[in-house]
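Student: Annotations for this protein, taken from Swiss-Prot, read as follows:
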- ASP349, ASP353: Mg(2+) 1 binding site (BINDING)
- ASP349, ASP353: Mg(2+) 2 binding site (BINDING)
- ASN494, ASP502: Mg(2+) 3 binding site (BINDING)
- 349-353: motif 'DDXXD motif' (MOTIF)
Amino acid sequence: METITVFGPKHGSPLSLPSRTNMCWEMKPSRFPLTSVRGKPAKQVGLKVSASCDRPISKLPPSKWTNYFHSVLVDVSEMDVLEREIEALKPNVREMLMSSKGYDSVKKRSLMIYLLVSLGLAYHFEEEIEKSLKDGFEKIDEIIAGEDDLYTISTIFWVFRTYGYNMSSDVFRRFKEENGKFKESLIEDARGMLSLYEAAHLGTTTDYILDEALDFASNNLVSLAEDGMCPSHLSTHIRNALSISQHWNMEIIVAVQYIRFYEQEVGHDEMLLKFAKLNFNLVQRLYLQEVKILTKWYKDQDIHSKLPPYYRPVVTEMHFFSTATFFEPQFSHARILQTKLFMAELLVDDTCDRYATFSEVESLINSLQRWAPDDAMDTHPDYLKVVFKFILNAFEECEKELRPQGRSYSLEQTKEEYKRFAKSNLDLAKLAQAGNVPSFEEYMEVGKDEIGAFVIVAGSLMGMDNIDAVEAYDFLKSRSKFSQSSAEIVRYLNDLAGFEDDMRRGCVSTGLNCYMNQYGVTETEVFREFRKMVMNTCKIMNEEFLKTTDVPLRVLKTNFSCVRSGFVGYNEGEGVTYPEGKITKYLTSLYVDQI
């Protein structure tokens, strides 16, 4: 079995990717002739962004979550009690983390840090974690020299790489036979194999041993999860990891799943488990409070009744994706701002994707570049003015929040990224007007902006008040290899997940079709190639993360968060447009189910 199984089944089945976008936007509609196989004549397909006003509407099913929490009561006094209980436990957990002394202290602290990260608790102890890892990394080779436990080595490696320390992958050579293969005896250690699998997802382009480790661990974990030899809770944990690895999963999803797993582990720490449950219960109540605020805000806009039925409100779904960057309680306002920005992005994308004519797209995007209606706006249907006004209102809401805090710079920079994102919709439409299928490189040049990854990162930075905003946005605007790789991953994921839906709707201007047209490959081959590109670009992103030492970790994490939400959104098909499957399960576990 090749590593590709980690990134999803063969073509024809729902995708199951490791480890995020577009989390929030689907692939552009049919804008080019269908020439996916060389040697065949082009088949002209009607454009979504055409001059015609006879436009078929692709109706989307209503979201079950629109009014779901309308009558839910959130007891603020109960939240106060939870906060007090959490604060009372923090000193004890801090003592657990820092009390380890002596030769094995780095090992013990690293294992404890992994627990804190997995349970969603690490943000409480950022300073302690950073100090522990900084001190420990200076002597890590000496400390692990005689360690031969697979779980311990893999977990330590995962922790240091996750926090930006370039621990050598050579540590895994101790687990190989003389013939160069991993020891067969390791297969019996289910927890060790799972930890090896997780560590392998932090590999770079030169960590060849981690490529081998991923193949070895993936193949054997499938058998371990299915043969009934593992406890049921461990089998479930393995299946969750095989669906999306921890490194590429949203932290809050990992926390929900890990709390349930940890509770069933023999010898778990009761105080730590209680701390994790209290923390999640507080977070869950905050999320419900925020969704109620956002739902009311959206209804007050009165936009849905004024738009053709190509668009549906997905406020709760967009709030869910905002937790990819901001899952911690202290970022409540940031989640609200990010959700409003997501709604503004989604509306532009759906308008250009599913309904607008070319002239309407041109007018809308030109107006957004000016941040004022262009001369042609009055000649178009009223719905276009509704779309434009909603976007401006969303940014005005953000301005009301940020300007009094002296954070106008962040707002303006996010607005500029939004304009660039919006313009990419028009750029794709203009390529269509040329009447030629673009090269895959031309498509990606526009598609990396159109997918929305950069504006998502900009919106994430806008929600942070503890960073150097000028430095952070300068890094984003530099379009570093690290940032570019995050956008590329999201683009590939979106193209893979949305391909069948795009083709059903007559949309052929997809990345896969551009690639097939340029290289003369089949659908099966292009799916395989795109999965490889996802895997390779993930390695590049990991590599650039370790190299980028002059940018704060919190800033770099915004790119990872964007990609993670892409993996979650596209894990089983186009989960944003059609969230009724896995996304609904995530929403239920996060907003409804009690822990």
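Placed from the backbone N, Cα and C atoms, the Cβ positions cover glycine too.
If you look at the structure here, what lies around each of the features I listed?
Tutor: Every protein chain shown contributes to the tally, and the Cβ of ASP502 (Mg(2+) 3 binding site) ends up with 25 other Cβ atoms within 10 Å. A helical conformation is recorded for ASP502 (Mg(2+) 3 binding site) in the three-state DSSP classification.
Averaged over the motif 'DDXXD motif' (349-353), the predicted model has a pLDDT of 89.
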Student: Can you break down the motif 'DDXXD motif' (349-353) into helix, strand and coil residue counts using DSSP?
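Tutor: The counts are 5 helix, 0 strand, 0 coil.
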Student: In Å, rounded, how far does the Cα of ASP353 (Mg(2+) 1 binding site) sit from the Cα of ASN494 (Mg(2+) 3 binding site)?
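Tutor: Just about 14 Å between their Cα atoms.
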Student: Can you give me the Cα-Cα distance between ASN494 (Mg(2+) 3 binding site) and ASP349 (Mg(2+) 1 binding site) in Å, rounded to a whole number?
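Tutor: Here the two Cα atoms are 13 Å apart.
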